[in-house]
Amino acid sequence: MNGDAICSALPPIPYHKLADLHYLSRGASGTVSSARHADWRVRVAVKHLHIHTPLLDSERNDILREAEILHKARFSYILPILGICNEPEFLGIVTEYMPNGSLNELLHRKTEYPDIAWPLRFRILHEIALGVNYLHNMNPPLLHHDLKTQNILLDNEFHVKIADFGLSKWRMMSLSQSRSYKSAPEGGTIIYMPPENYEPGQKSRASVKHDIYSYAVIMWEVLSRKQPFEEVTNPLQIMYSVSQGHRPDTSEENLPFDIPHRGLMISLIQSGWAQNPDERPSFLKCLIELEPVLRTFEDITFLEAVIQLKKAKIQSSSSTIHLCDKKMDLSLNIPANHPPQEESCGSSLLSRNTGSPGPSRSLSAPQDKGFLSGAPQDCSSLKAHHCPGNHSWDGIVSVPPGAAFCDRRASSCSLAVISPFLVEKGSERPPIGIAQQWIQSKREAIVSQMTEACLNQSLDALLSRDLIMKEDYELISTKPTRTSKVRQLLDTSDIQGEEFAKVVVQKLKDNKQLGLQPYPEVPVLSKAPPSNFPQNKSL
């Protein structure tokens, strides 16, 4: 099958039809954004590959073949692919948008979803098994090999849609992927990977039993609402422990006695993650065991469970207070002779985790020099996030009950009147650092010479150090051309300060962009996140 034939079999979706792109997540097989299709008038999801260098025709065709496989795999519990965006500088799969995110978010956002009823948990497990069983029964069988809670999406009624199957070429070509510390060296995630796959030479023999091992770990995770091996930070420790036969604990501490059909479920889990692949059951056998369990629940209980989650989600959203056009008093840890002044700001300073407003607490001023300058700032750079991998400002600021909700569309706000302690005389801007000065002096040369690979490495480094906000990353990564991405990166550097600029300079040096010499002398950057951000221990 040639490239033209593949393109004709997949509905083409021009890039300019994808309006309002918004960053959602980043994974091994690319970056996922939401968008609004200009003609269809519906929201869609776009998984696009990070293209650092021009793809060879053979590479592009290999990737398109995988997209074609996804397009053919049409089933109730498989994420539907709507088309392909195949352009020189943008290659992406367009799918249905899943409003309730992933199973990982449902299980581990316990503030947002304090309780998940047992009937719904069992329905989710049953639908995952149905979806993977369908893939295994295709001709030829389609093996997922990256099954994890992050790839199990949930539609508006919390039904399962399995994503990211058959994307080995996408994962291979996405060279800029920012690997989790528990990511496997060849795609997939260590905690969901069977021990025989630690040794590549044995993969072909055991490949059919890979997905059932991952499913067993997911069953444990759904029933316990805990992260497998959450206390272990080194993937080598996990690999050694699993290769010695150790698995997540199934005692009452993790799987309490009130779990319906607990004995049967533990039996399924333990057989699914058996050390010997030949001892693991097929998905068909799992379904035969699960179907009688599902029949013990009345249909109404599933509906009640979904309504309960929707109510919890609404309540959590309503507790996120947006400070907008409302005069407020903030305690800013300032001397008594500098009383706090009033702030009017069109941004959200609270994450969902803060819950209902409580007593006023102190606010530590961010280290961003643009913030301290008193200059008007883009509100998007101040928003708090509640999603895996992002650090919010939980507990830093609380809002009086009188605070008003605001329109998220507000584009800018003035922080010049927050406090004379933060903004001396409201006009003096802190001196620009060496790295920032160098970037400003070399701006057009950087735009001309910075490669796509260097750009993506810079974004990865900024993400790993928590130096870039979600909205800023989104603005950069969704630009249609390399030059527009670089310009946006440099604009963001001007706002975010010296530490941000140092990362960009270091990556330019690492990539030997010799036309930009001489480089400024900046300290060698450590790989650890900055100390003023809390460490994220979740997987």
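Including glycine, each Cβ sits where the backbone N, Cα and C put it.
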Swiss-Prot annotation, phosphoserine - which of S176, S224, S398: S176
Feature phosphoserine, as given in Swiss-Prot - residue among S241, S331, S411: S411
Per Swiss-Prot, the range holding region 'Disordered', considering 99-119, 309-329, 498-518, 519-539: 519-539
Cβ neighbour count (within 10 Å, all chains shown) around K502 (ubiquitin cross-link): 24
Proximal but sequence-remote residues of the same chain as Y473 (phosphotyrosine) (Cβ under 8 Å, at least 6 apart): Y23, L459, L462, L463
Assigned conformation of K209 (ubiquitin cross-link) - DSSP reduced to three states: helix
Helix, strand and coil residues within the region 'Helix alphaC' (65-73) as assigned by DSSP: 8 helix, 0 strand, 1 coil
K502 (ubiquitin cross-link): secondary structure state under DSSP, collapsed to three categories: helix
Cα-to-Cα gap, K209 (ubiquitin cross-link) vs D146 (active site, proton acceptor), nearest whole Å: 12
